[in-house]
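See below for the structure under consideration.
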Amino acid sequence: MGPRGAASLPRGPGPRRLLLPVVLPLLLLLLLAPPGSGAGASRPPHLVFLLADDLGWNDVGFHGSRIRTPHLDALAAGGVLLDNYYTQPLCTPSRSQLLTGRYQIRTGLQHQIIWPCQPSCVPLDEKLLPQLLKEAGYTTHMVGKWHLGMYRKECLPTRRGFDTYFGYLLGSEDYYSHERCTLIDALNVTRCALDFRDGEEVATGYKNMYSTNIFTKRAIALITNHPPEKPLFLYLALQSVHEPLQVPEEYLKPYDFIQDKNRHHYAGMVSLMDEAVGNVTAALKSSGLWNNTVFIFSTDNGGQTLAGGNNWPLRGRKWSLWEGGVRGVGFVASPLLKQKGVKNRELIHISDWLPTLVKLARGHTNGTKPLDGFDVWKTISEGSPSPRIELLHNIDPNFVDSSPCPRNSMAPAKDDSSLPEYSAFNTSVHAAIRHGNWKLLTGYPGCGYWFPPPSQYNVSEIPSSDPPTKTLWLFDIDRDPEERHDLSREYPHIVTKLLSRLQFYHKHSVPVYFPAQDPRCDPKATGVWGPWM
């Protein structure tokens, strides 16, 4: 109201003045109320995402493993255990879908991983999760494994939305020396070099220090020094429990009963990782952040049985589209959950975290390309039905099995799509899709053995009876999570429907981007892996 209107007001005590004694105390109460005391009054939650590397389905106590994981078990028991949760079968694809909210067929990363000398990274026109959270007012930190490309500085974590970064850029390295050795084909030389960064600078002085301990210490420092009133996003991508199988001696002793050497060392690595998780959550509590924190734990893919991991009783392993390669170990722990101590059976995928976390942060996804992920917070927190009814595991026309079965009993076969009812999609292509309870696999999905836990059974693997020419499977995953009973002949109409869905995704996918090695990656001159273009 302008000055003229103000002058026309009555001079006596009007209704507004009479309300002041009532309204002012109410306003003070609202301002002084503790966070979370009323609907819409609390601050956006702190978000802590802890990603384990190569952790298998049967490698945690809450799935019945003999490996002791008391901290993970307690968090899962007091939170929401995700029992129908999926990742990708490999490192780079899972990490890219976590941070983009988009299937790898959208980014050209549907084939294998990004290798050290490939001039590749998550496309620079993709808007990543940390960028969206920064826009929502968050401080964003990353600690640990990047593995989303580093050939240009523009690909580095600090150029993709993270305020700080501490970790390694490639897919694996020595836990103590922090060096990675790689064959550079064009030069016919294997080069070993340091891969450790603090921000964009090379981080030295950490030799002979175990990486999980270093990363945990940095994460705790970030938590301890963080002002509670500022929303925090911490992405802690541990090296554990990816090979090489290295761990301090004291973590091996509790598992001397395990005779298999790989499994023995792997068990110790899992225990150390579990201890790290306990230390991080303890820091969140002692710093006063826990009561307003959403803590998410996830693996990036199934366990690698060749390096101590185990996915029993699920079929397959890392690199495969069988459940053992893609069914993820995961849970959410938080005082903010409306239901706790439950097992959630709703369908959730790693691409769902981006829209879920951005919504929790009260941000928006403006500027992103069309998302494949869904906001699943109500599904997790309240037990509501998942908005996701379909999940594309992958389509990779160039698939090469880098982790073949012993004696390699299966191999890519000829296309079965000559059959009229299967004409929608080339069934020789490595692909898999989930719709409701149904899962369809085509081509060669990867090693299809079942691998019992070492030292607990008299067999090291249980081969499949499938003929090597087979290129099509249909399973009811709800009733048959171990993928033992192929129903493709019994339900041809389901097969036809899912093949048409695969064809739809294939039609709307971008070409595979898997460039040849660039010899300019050679770190000989500097002794350090890093950007070269």
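The chain as shown is numbered from 1 upward.
Cβ atoms are placed via backbone N, Cα and C, with glycine included.
Sequence annotations record features per position, and here Swiss-Prot assigns signal peptide to 1-36.
According to its DSSP assignment, Lys318 (substrate binding site) is coil. All protein chains shown were included, and the count of other CB atoms within 10 Å of the CB of Lys318 (substrate binding site) stands at 28. Taken from Swiss-Prot, the feature substrate binding site applies to Lys145, His242, Lys318, supported by similarity to another entry.
Taking Cβ-Cβ distances under 8 Å and a sequence gap of 6 or more within the same chain, the neighbours of His147 (active site) are Cys91, Thr92, Arg95, Ile113, Ile114, Leu169, Leu170, Gly171. Secondary structure at His147 (active site), as computed by DSSP, is coil. According to Swiss-Prot, the active site annotation covers His147.
The Cβ neighbour count for Asn188 (N-linked glycosylation site), using a 10 Å radius and every protein chain shown, is 7. According to Swiss-Prot, the N-linked glycosylation site annotation covers Asn188 (among others).
Under DSSP, Asn279 (N-linked glycosylation site) is assigned to a helix (H, G or I) in the three-state scheme. Around Asn279 (N-linked glycosylation site), the same-chain residues six or more apart in sequence whose CB sits under 8 Å from its CB are Thr216, Ile220, listed in sequence order. The N-linked glycosylation site annotation in Swiss-Prot covers Asn279 (among others).
Residues annotated as N-linked glycosylation site in Swiss-Prot: Asn291 (among others). In the three-state DSSP classification, Asn291 (N-linked glycosylation site) falls within a helix.
Marked as N-linked glycosylation site by Swiss-Prot: Asn366 (among others). Counting every protein chain shown, 8 other Cβ atoms lie within 10 Å of the Cβ of Asn366 (N-linked glycosylation site). DSSP classifies Asn366 (N-linked glycosylation site) as coil under the three-state reduction.
The N-linked glycosylation site feature in Swiss-Prot is assigned to Asn426 (among others). In the shown protein chains, 20 other C-beta atoms lie within 10 A of the C-beta of Asn426 (N-linked glycosylation site).
Annotated N-linked glycosylation site per Swiss-Prot: Asn458 (among others), in sequence order.
Lys318 (substrate binding site) and Asn366 (N-linked glycosylation site) have their C-alpha atoms 34 Å apart, to the nearest angstrom. Rounded to a whole value, the Cα-Cα separation of His242 (substrate binding site) and Asn188 (N-linked glycosylation site) is 26 Å. Burial estimate for the binding-site residues (Lys145, His242): highest at Lys145, by number of other CB atoms within 10 Å. Rounded to a whole number, the distance between the Cα atoms of Lys145 (substrate binding site) and Asn426 (N-linked glycosylation site) is 36 Å.
In this structure the residues listed as binding substrate are Lys145, His242, Lys318; their two most distant Cα atoms lie 18 Å apart. Those residues of the chain, other than Lys145, His242, Lys318, with a C-beta within 8 angstroms of the mean position of the substrate site C-beta atoms are Asp53, Asp54, Cys91, Gly171, Ser172, Gln239, Val241, Glu243, Asp300, Asn301, Gln304.
Nearest to Asn188 (N-linked glycosylation site) in space, judged by Cα atoms and limited to the recorded positions Lys145, Asn291, Asn366, is Lys145.
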